[in-house]
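A.B. asks: For reference, the structure I am asking about is given below.
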């Protein structure tokens, strides 16, 4: 029997320290160095906008890292200074991958509503460090529609796994990057108990975490699922040990389902300096990146000033409503 990969620790998500105004939490404790190859892992939202309130991330740069945006609910519009696909509507269930390489400018903003209806926004954003030999690579963009993401179901049909990266039950995900990663969106139905084989890439996956984000907010403090017999509540993260190939999940409460995000990767084990939106090997390269961005070497996007003004106005309306309702 393949050995279980047990949890080493469990911690709560914490308020994000990333430079983002949207309500968000950090899955990896705002620590950019202890979860190699991950530099950032954010759960953004869930948030509801009224008409004229939708705001997001206006034009900003990246270099030396890879961005993964996974939409749970709502839509964001993405555009960048390199890709020929302008713009892209990233809708619920879809995935956008961006290798920033030598430098790029992009934005991710929800569309403004044309009527008085509400719109929701919930997504995950990951920054994955690039190995030294790829930090100056040409930027690269991939966009995957929901129906392109493989889905694996257990024999009893009580577990559904969207295989975004990695391999489960012989089914490979749509995203292959360097370093190798695993990225699974797991839905466990009522009374589910089984194992998922994580024997991928000959045990390359050294860093691995699981995050419970099922939408039952009223049960935030109550354990909802056991991961290798260790209880996990909504809004908690389990950090796996380095060894083991299988994971056992057990639903602990009488609920329709529980939803988990499992991600991990092969450690790069190289010196990294991560500051702001940049990841380099040396401190001096961070300073160079800021200079290159200011001098326009990362490119630019038409309408930047207008987007900022519209975004600022929407943000002001949103927070005025929130303060009024407090």
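In case you wondered, yes, glycine gets a Cβ from its N, Cα and C as well.
TrEMBL lists these features:
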- 32-128: domain 'Pirin N-terminal' (DOMAIN)
- 60, 62, 106, 108: Fe cation binding site (BINDING)
- 231-299: domain 'Pirin C-terminal' (DOMAIN)
A.B. asks: If you count Cβ atoms within 10 Å of the Cβ of residue 106 (Fe cation binding site), leaving out that atom itself, what do you get?
C.D. replies: 27
A.B. asks: Looking at the binding-site residues 60, 62, which sits with the largest number of other Cβ atoms within 10 Å of its Cβ?
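C.D. replies: The largest 10 Å Cβ neighbour count belongs to 62.
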A.B. asks: Going along the chain, which residues six or more apart from residue 108 (Fe cation binding site) have their CB under 8 A from its CB?
C.D. replies: 56, 57, 69, 76, 77, 78, 90
A.B. asks: Along the domain 'Pirin C-terminal' (231-299), what average pLDDT does this model show?
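C.D. replies: Averaging the confidence scores along the domain 'Pirin C-terminal' (231-299) gives 91.
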A.B. asks: Determine how many residues of the domain 'Pirin C-terminal' (231-299) DSSP places in helix, in strand and in coil.
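C.D. replies: Helix (H, G, I), strand (E, B), coil: 12 helix, 29 strand, 28 coil.
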A.B. asks: To test your reading of the Fe cation site: which residues beyond 60, 62, 106, 108, same chain only, put their Cβ within 8 Å of the Cβ centroid of those residues?
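C.D. replies: Going along the sequence, the neighbours come out as 57, 59, 61, 67, 80, 98, 104, 105, 107, 277.
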A.B. asks: Using DSSP, how many residues of the domain 'Pirin N-terminal' (32-128) fall into helix, strand and coil, respectively?
C.D. replies: 0 helix, 59 strand, 38 coil
